[in-house]
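What TrEMBL lists as transmembrane segment is 26-50, 232-253, 259-277, 315-336, 361-386, 451-479, 499-523, 601-623, 643-673.
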Amino acid sequence: MSDEDAGDPKTFDLNFKGPVAKRSCTDVLCCIIFILCIIGYIILGLLAWVHGDPRRVAYPTDSKGHFCGQKGTPNENKTILFYFNLFSCTSPSVVINLQCPTTQICVSKCPEKFLTYMEIQFTYRTNKNYWTYYSQFCKSTFVKPAKTLTQVLLDDDCPIAIFPSKPFLQRCFPDFSTKNGTLTVGNKTTFEDGSGKTRNAIELRAAANRVNKILDARTIGMKIFEDYATTWYWILLGLIIAMLLSWMFVILLRYIAGLLFWVFMVGVIGIIGYGIGHCYQEYCNLQGQPNSHLTVYDIGIQTDISMYFQLKQTWFTFMVILCLLEVFIILMLIFLRERIRISIALLKEGSKAIGYIPTTLVYPLLTFIFLSICISYWAVIAVYLATSGVPVYKVITPEGQCKHENTTCDPEIFNTTEIAKACPGAQCNFAFYGGKSLYHQYIPTFQIFNLFVFLWLINFVIALGQCALAGAFASYYWALKKPDDIPPYPLFTAFGRAIRYHTGSLAFGSLILASIQIFRIVLEYLDRHLKEAQNNISKFLQCCLKCCFWCLETVVKFLNRNAYIMIAIYGKNFCKSAREAFNLLMRNVLKVAVMDNVTDFVLILGKILVTGCIGVLAFLLFTQRLPTIIEGPTSLNYYWVPLLTVIIGSYLVAHGFFSVYAMCVDTIFICFLEDMERNDGSTERPYYMSQSLLKILNEPSMQTKKP
């Protein structure tokens, strides 16, 4: 043992020959709590399923709370929402209620021409087709326009005017266009609003913009949902390609680790270079474009993310970030070339272990399935919780001056109540979904519980995979004669041991990590919602807290991974395993500094390459830049939604597969350190490590056990 590895004396079992076979359950209390949380999570899912209705996210809702386009209802073929009087949407009550104070009905198509009710009464006598067209925008079918304009306004049966419109987000909005610099609607700048007033397109646009703000506040989730519904199969295809590409790289690492590293390096540099070139091209294309010189500060926070991509500042920022990343990687390659050479040799040694236990290459698929189940369950519960409740109707008046404004009402009997008499023109319209039951009052708490248990399960699945892989690779390392002494089905055996004996320990480590992550999410939430009320000191403290908890999470992940390796080898509880792993690493801190980070850097290059390749292909597909090769999805609200999903998903898939090598190298390294401390390289106590591993770590004079 070298001087740098000398530490406190420690007593070892000299007969130790591999992972302990006889074990007992560890951290039983945490295991019980974990199981109870899972049971509660299942119960929460059942409650959310009973009370929630995800159709409320997918379909617009009329004034009576009925869905537009819902199958099996009279509105099945009426998929678009139509506003009777869009001008009323400029009312101040819109800001308070997030609801336009006008009747809204479901229609099959938007109006395509200018018509008023008064015009229809005159033209009906000569051409009944006009009324047939106009009546489809009324609440119910009328034989003829017999009612006067006053009666129509009082009964609210039909709109007093319709304008040329186009469907947008399943809602009818005026068909605006610009003619010689002047805003027009249906090629008209002014028109009759049906009540005898002359209106212009600017007034109508102001009303439409107010509705757009309502939609931005209420239906951003729906737009994202629509994009996912359109592109889910492309996203799935991208993840499958990422899985196959990662699998190919992992297999090739066994045979050509050195060559593959240079492929990683050149590929990553090339991908980032492409990104720099694309950002520069977009920056140049925006030169001279109106409003492209504005900054993010000038336009403020926008829900339409595409607006940010119309600014030169955005692309310039992206270009600078990518340039810095490119320079950083090149400098890392230059200054760490010797350590990278050692890490490549260590990866080759790990390849031998994977070659003897090839089933480990399949395990990431199992982890991927488990993670997919957890993510899907969390997303479904979140949607069902968000859509839980019954329709709530509120009194809305055009001017917002009624004393009963914003009070709840019953649309079935509203016209016979005193409110309708006291507030002429008031309507009882659908407002939102909610309720006053105990379940509805605690929905925010249930959402927090849903998020916390989700993080706990995600970390547990990752911990289970790390412990199972560590047990399998430890069996390889401590086998006297490889592969003869490697136990049969080492991965299956290690997985069974982890589930049977160490569920509590894995849950304990996952709980610590999930607690830190939920606290970081709370900090982000508070920062976003209290940003305007913060002074410079509070902002500084907030940044310090974020930085500290990020560092804490990184350290805990590192310690947890090594603790799981010790659990897989010795079968002790989490705290003892974490303490022993920490002490072992501290006694060999220089070797850890040389091996661990550089090996991770090599593997990260592989992850970036896989993610970059899939990300570039997804970008070209979702932005319609591959029409001659393959036609991608069209009419997306936000192309960056599926793009980011593919990029993040590809990285997670690549991380899952490359984590096999990471765990293999980490386990072999921990076993190597244990081997160095247990044995002295003499004939009586030779090392278990191979000669090649001794050569990698500059210990050529030591002896190993002969197979």
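If you go along the chain as it appears here, the first residue is 1 and each next one adds 1.
Glycine is no exception: its Cβ is also placed from the backbone N, Cα and C atoms.
What you see is a predicted model, and the numbers here were worked out from it, not measured in a lab.
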Dominant neighbour of the transmembrane segment (601-623) in 259-277, 361-386, 499-523, by Cβ pairs under 8 Å: 259-277
Stretch with greatest number of CB pairs under 8 Å, the transmembrane segment (232-253) reference, 26-50, 259-277, 361-386 candidates: 361-386
CB contact flag for the transmembrane segment (361-386) and the transmembrane segment (259-277), at least three pairs under 8 A: no
Contact between the transmembrane segment (451-479) and the transmembrane segment (499-523) (at least 3 Cβ pairs under 8 Å, separation 6+): yes
